[in-house]
């Protein structure tokens with residue numbers, strides 16, 4: 001058994017029970033973004049969170065134990081994603097990557113925006129010309145240091 | 001001559017004149033995000049914008065003409081970026097890609113968040129534990145249709 | 001269980017029952033292009049469409065539920081397709097890609113032809129020198145905007 | 001000297017002289033699609049066509065001679081294109097590739113749609129919800145034969 | 001079930017029954033080249049040919065039905081083949097590819113040698129210095145056309 | 001200076017002087033296939049052949065010396081060729097590769113068809129339904145030996 | 001069933017029975033190099049050798065039949081090997097490849113060292129500063145010929 | 001200036017002066033294998049060796065200085081080499097890689113054959129059936145240790 | 001059965017029994033670094049170590065036998081790792097690779113730092129600004145030699 | 001002009017002037033590790049550091065200005081490095097990557113070891129069996145957080 005099999009079982013249970021991520025997140029008392037990433041096999045559960053998942057998705061004890069092990073992260077099957085929705089994000093990195101780099105460096109100096117001390121919020125933005133997806137990303141700035 | 005050579009000349013001028021992207025954007029009357037992407041060779045200039053660029057960066061007439069031609073987009077030299085700041089964005093797509101996909105589909109149904117009818121805003125977010133980079137992405141939702 | 005297994009089961013049933021895509025599409029009341037793409041695992045079914053598929057291909061309830069989940073899209077096993085028919089399309093993109101780009105930009109300015117707000121129609125075109133395949137692609141033009 | 005350098009020179013002249021592909025095609029008496037592909041280095045010119053190109057773009061005799069040599073075809077710098085407009089076409093091949101394959105085989109049997117005995121027509125399709133790009137592709141069907 | 005599984009079953013039966021491709025081809029009344037390619041999953045069978053295969057290799061009705069479906073072609077597991085015999089052919093394309101291109105264009109003008117309207121004949125060529133493999137490839141020339 | 005530069009100069013001279021490979025081969029007294037491959041940088045010239053090339057293409061002494069050095073072979077810029085004519089040959093290897101392997105092994109046992117002790121002959125094959133390209137490949141069979 | 005499964009079974013039997021390659025080779029009356037390569041799925045067995053293998057590793061009749069079929073060769077899962085011992089050989093090709101090429105050409109002229117008419121001998125070379133691995137490779141020189 | 005340019009200049013001088021590697025090695029008092037690798041940019045020269053090279057190939061002082069800097073090693077332009085002679089070595093690694101691994105481990109236990117504490121000797125091996133290339137590789141065995 | 005399956009079983013047992021690597025290492029009397037690498041399938045066990053593993057993880061005799069076979073090493077599923085923790089190490093190689101090379105060569109001359117005669121120690125380094133991971137790598141310097 | 005050209009000029013000056021990294025670092029008053037990485041184009045200089053570099057390596061004003069711009073990082077030409085010294089580090093990541101991951105997670109929980117808030121120290125470790133390279137890496141632990 002490995003984590004991927006547990007993820008697959010969770011997804012099957014979610015489909016069979018017609019659950020929504022937003023409702024599931026409420027059960028965990030966390031954001032829908034973190035909860036979804038965690039259940040998709042990208043984050044590590046505490047004991048209490050694993051117990052909750054075990055109950056919601058009818059997992060065995062061993063499956064619940066796997067949720068508490070840090071997973072091998074990375075959710076995509078290819079280096080350049082083929083799914084159109086995910087590709088658009090890859091395209092943003094490709095087209096705007098150097099722009100993001102220039103503007104963060106101009107404001108903060110040399111360093112990076114953390115993808116670990118990081119949170120994300122995805123919302124619907126009503127718009128008469130067609131609703132929009134608004135995503136707010138927040139990552140701590142980590143400066144390179146001389147030594 | 002091609003667009004890449006014009007971009008290279010603009011960057012050299014910017015370094016030599018010690019200009020800042022934010023100030024340059026004010027000259028163009030556009031956001032710093034669009035302006036930087038455009039000057040890095042990813043967007044197309046109107047005649048007026050090209051005139052402004054010609055003056056700011058001492059471009060020739062032919063160089064200014066190239067700015068009005070739609071460029072071959074994509075700003076990175078490798079499919080998986082090596083630069084740590086840009087890589088973190090690739091990592092966000094890799095780790096959170098399926099999460100973003102699930103949550104947008106749950107809210108909007110099948111479709112994508114546009115990377116064309118799209119804007120981006122990068123700001124400093126003051127934080128006592130260390131300032132953060134906040135990035136707001138806004139893209140129109142485009143639904144798949146049956147036909 | 002995942003969507004790919006449902007697709008595989010649909011294909012097996014179609015082979016065993018000797019069905020035609022055109023006839024199947026009539027059952028769904030949709031174009032043969034959309035219907036085929038959907039049954040090949042690239043599109044999302046409504047509840048009613050999933051019920052129809054369940055009946056036509058003898059699917060279980062869970063299999064029908066999977067059809068209503070947005071799939072991870074991309075139907076080819078390699079980045080450069082090996083199948084000769086599909087490769088010819090890749091070749092068209094390779095040989096005519098920059099031509100298509102130039103002509104759309106000349107007519108519409110900077111932007112893209114949508115692959116989401118998109119439809120396709122494939123027909124036989126009778127020709128005394130040998131019949132031809134005629135494919136009409138129609139995609140909404142989406143302009144890049146300054147901001 | 002090679003063909004790529006001639007293409008580069010043609011593009012520079014076109015930018016400098018602010019010419020349009022549609023007008024250039026009229027000069028050649030060919031479709032704008034063939035003419036653009038040819039000038040972008042993908043097709044071979046007859047002696048008369050090369051003379052016309054020499055005059056329009058101020059080419060030397062050797063440059064005009066190169067236009068009459070069959071070029072090494074393929075217009076894109078990477079196997080998966082990074083430019084958003086061209087990528088959408090790659091995405092169509094990726095998402096609809098197996099659909100196109102199934103429907104052509106259902107109608108014609110085993111074989112391919114030729115990318116050589118092939119023509120393309122790109123038009124604006126007026127639409128109150130936003131104009132569309134309409135592309136008609138026509139390729140001779142070539143059957144596999146047993147022997 | 002898919003075509004690959006049928007191919008695998010045919011190969012197992014051939015090994016178990018110690019059959020030769022040349023004899024099998026005689027049963028089908030086709031060349032050994034077409035017959036082998038077809039049984040290796042690259043060609044489509046008629047109803048009669050599938051019946052013959054069903055009998056020779058003890059296939060089920062569903063397996064015989066799969067043989068009449070156009071397969072996803074491409075018989076090699078990697079883009080650059082590792083098997084020494086097949087690699088030599090890849091090497092011929094790599095070393096002589098531009099030579100073949102030049103000579104076909106010199107004789108026929110711009111176009112291709114078809115790999116669809118194509119046949120192949122493999123024979124032993126007796127030679128006192130060591131027998132040789134002689135392969136005759138014949139493909140229809142397809143010219144590019146202006147339009 | 002390297003061999004590629006010599007090849008480039010030879011090609012430029014050939015275009016400028018409007019020479020044909022078949023005529024050039026006659027000058028060398030070799031087949032058009034070997035001569036073309038050699039001039040495209042894939043084969044090694046004897047002193048006499050290099051002298052002939054020097055005279056035909058107005059090479060310098062150092063350029064003629066390079067022709068007598070064994071070149072780094074491989075004439076294509078990518079692992080999967082993008083040029084349609086050359087790709088068809090790659091496709092033949094992809095689709096028929098396992099067939100060729102099976103039939104050579106059936107006739108000769110384990111071993112390879114040499115791509116070194118090898119010759120090639122390309123001819124026009126008149127055909128009322130459209131002329132064909134006929135290519136005869138002849139390579140010595142080299143058996144694997146036990147030891 | 002395929003050859004890889006037979007190889008896997010042979011390896012399992014060898015581990016379970018704690019056999020050594022050198023002893024196994026003695027049973028076959030061949031070198032340890034050929035025997036190991038053959039049992040690892042890279043060479044073809046005669047009927048007698050397959051019978052011997054069947055007895056040593058308790059193979060079924062069908063498994064023994066597979067050993068007499070020429071395998072699809074290539075023993076590594078990635079183009080650049082990850083295993084440190086095998087990587088060192090890849091590194092030798094990478095670092096000394098052009099050296100080997102230059103020296104063989106200087107001695108023999110244009111051609112190759114055969115990897116088919118080839119043998120290998122691996123021995124321990126005692127050395128007070130630490131024993132060494134000595135590998136002797138012997139391959140027939142095959143000259144390129146003009147034609 | 002970098003090492004690659006110095007290598008290129010050495011090669012040009014060698015071609016122009018028609019020198020042989022074996023004779024050059026005698027000048028250096030080293031094996032032809034080490035000398036060739038060093039002059040091809042894979043090894044580091046001592047001051048005295050660099051002086052000798054400066055004299056033999058008419059190098060400038062700065063070029064001679066570069067020879068004393070440890071180079072970035074790796075002599076091939078692609079991960080899988082296209083040159084037939086070098087490819088055969090890659091094929092040996094591919095086909096015999098696991099064999100070499102098994103036999104070295106059987107004799108020495110877990111560890112590697114060093115590619116650093118390594119030497120190579122290439123000789124002609126006279127053979128009535130055609131001369132052979134004999135290559136002796138000798139590398140120190142380095143054991144993995146537990147700690 | 002192969003080594004990967006044994007590794008998978010060990011990992012499952014470790015999760016089920018909630019064991020820690022540090023404690024397991026104490027059982028083996030080795031460092032936690034070596035022990036973890038070995039149990040993750042990268043090192044070879046002695047008979048005694050395999051017996052200990054058999055007892056700790058309830059392995060069968062055949063599974064314990066596999067632990068004593070030298071494994072095919074390499075623990076990552078892709079050439080560029082997707083997991084953020086492991087990627088940071090890849091990034092260190094990418095960003096500091098040439099620095100490490102320059103400094104080792106400056107101190108030791110041409111050669112490498114061994115990854116075989118190698119040990120690693122990972123410790124927590126308390127720090128008021130946030131604890132740090134301290135990793136000490138020690139590898140024997142192996143000089144290139146002339147011969 | 002870009003940063004890579006400045007790096008190239010610095011390297012040329014260092015070779016011509018026979019300088020050592022350790023001495024150069026003393027001039028900058030920084031560690032040899034940071035200084036080397038910075039001069040190899042991976043780090044950003046302050047105004048004062050750029051002035052020092054300008055003087056040491058005879059840079060122009062524009063070259064010194066480039067040193068103060070954050071560079072596009074990544075110092076290696078290929079994803080898998082070919083240079084043996086650097087490859088050994090890649091191998092450590094490949095072989096020990098999962099080990100490092102397990103041990104850091106066991107000690108710290110889910111998170112990463114920073115490659116930004118990071119320092120490195122490379123020293124000679126005297127050893128009677130042959131001196132060793134000792135490298136100490138220190139990176140801040142950054143925990144993943146729930147939100």
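Keep in mind that glycine also has a Cβ here, set from the backbone N, Cα and C atoms.
In this view, residue J:88 (active site) is surrounded by 25 other Cβ atoms within 10 Å of its Cβ, with every protein chain counted. Residues annotated as active site in TrEMBL: J:88 (among others).
With a cut-off of 8 Å between CB atoms and residues at least 6 apart in sequence, the same chain places nothing near residue J:91 (active site). In the three-state DSSP classification, residue J:91 (active site) falls within a helix. Annotation comment: TrEMBL describes J:91 (among others) as active site.
Look at TrEMBL and you will find J:114 (among others) tagged as active site. Residue J:114 (active site) has a Cβ environment of 20 other Cβ atoms inside 10 Å.
Feature annotation from TrEMBL assigns domain 'Cyanate lyase C-terminal' to J:75-147.
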Report task. Determine the mean pLDDT over the domain 'Cyanate lyase C-terminal' (J:75-147), rounding to the nearest whole number. Result -> 96
Report summary line: DSSP says residue J:114 (active site), in three-state terms, is strand
Query raised in the report: Among the active-site residues J:88, J:91, J:114, which ones place their CB within a distance below 8 Å of a chain A CB?
Result: J:114
**Report entry** residue J:88 (active site) and residue J:114 (active site), Cα-Cα, nearest whole angstrom
**Finding:** 21
